[in-house]
Amino acid sequence: MAKIYYNDDADLSIIQNRSVAIIGYGSQGHAHALNLRDSGVDVRIGLNEGSKSRAKAEAEGLQVMSIAEAAKEADVIMILTPDQVQAQVYEESIKDNLEEGDAIFFAHGFNIRFGYIEAPQGVDVAMVAPKGPGHTVRREFEAGRGVPDLVAVEVDASGNALQLALSYAKGIGGTRAGVIETTFTEETESDLFGEQAVLCGGMSHLVQYGFEVLTEAGYQPEIAYFEVLHELKLIVDLMVEGGIAKQRWSISDTAEYGDYVSGPRVIDPSVKERMQDVLKDIQEGVFADRFMKDQASGAKEFKELRAKEEKHPIETTGRKLRSLFAWEQTDADYTEGTAAR
């Protein structure tokens, strides 16, 4: 059984007696910074010169400086820049500003697990990873609740790294919901697998194929969109509330029977075998190497794949429908998925 920590297991004064630098001010960065500030923690933001996020951070009353300055001032540095730039940011602006007794934190273990970042001796390396997007982390904190976090320690140079990480998690509201102890390896590999095989890659392509099957059979695109994409949220919400069992209990007998007899025809044992291949590529560093090499060469493959997927007919249909119905988001930037970029 996983070890789970709550409010009574964490001492907020530990992080309150440290100086924290949040490197990056995107989806997670703004939530961490604001929650820590509201928890009485000394926080500053480290950003690249000319960053578009500077004005947003300053508007919240946060102290903003260069990444190097923030790393030099602070003794806890949370790196929340995108995975593909973390190693460069670390080498250019953070590494030489670390001192014995400092700690570097991450919200995802990618760069530590695959060896792109190696901390000097005497520096704690830990992870505090909220299991939710930044706007949810902030909203739940303001409501007096929290989002579950993962916590891990890779290097415990001080002998107090876990307590420091738990204190940080308490500062952003994680211990209100529960903080699960893990390792950098477990978090990184399982997170990448979940994204690629189920949550993002698996789900996206399942939805696209479902849309194609219906429209190619002559059904209206708008009807197909509702049946294979829009209603997906209703099903996922039920799963989150009570597992697959509650989802099956909540739907009609017709739908439940169809789940049992037709689901295995689509997702058969061969899919599981291919999922195991995906996991193997992650574990052996094949995916990480491919991703980082592509990013280093200008992200050519990444951009080509993104452009191709954006042209799928379900996107055109979805944009049209979302603009017509009052129950949808009015913030077009958020609706189209660019708010955190």
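Any Cβ shown, glycine's included, is placed from N, Cα and C.
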Out of G134, G144, G146, G159, which one does Swiss-Prot list together with Y25, G26, S27, Q28, S51, S53, D83, Q84, V85, Q86 for NADP(+)?
G134
For NADP(+): widest Cα to Cα gap among Y25, G26, S27, Q28, S51, S53, D83, Q84, V85, Q86, G134 in Å:
19
If you count, for each of the binding-site residues D83, D191, E195, the other Cβ atoms lying within 10 Å of its Cβ, which residue has the minimum?
E195
How many Å lie between the Cα of Y25 (NADP(+) binding site) and the Cα of S252 (substrate binding site)?
45
Give me the Cα-Cα distance between S51 (NADP(+) binding site) and S252 (substrate binding site), rounded to a whole Å.
51
Neighbour tally for H108 (active site), based on other Cβ positions within 10 Å of its Cβ:
21
Mind giving me a neighbour count for G134 (NADP(+) binding site)? Other Cβ atoms within 10 Å of its Cβ, every protein chain shown.
24
Do you know offhand how many angstrom separate E195 (Mg(2+) 1 binding site) and D83 (NADP(+) binding site) by C-alpha?
14
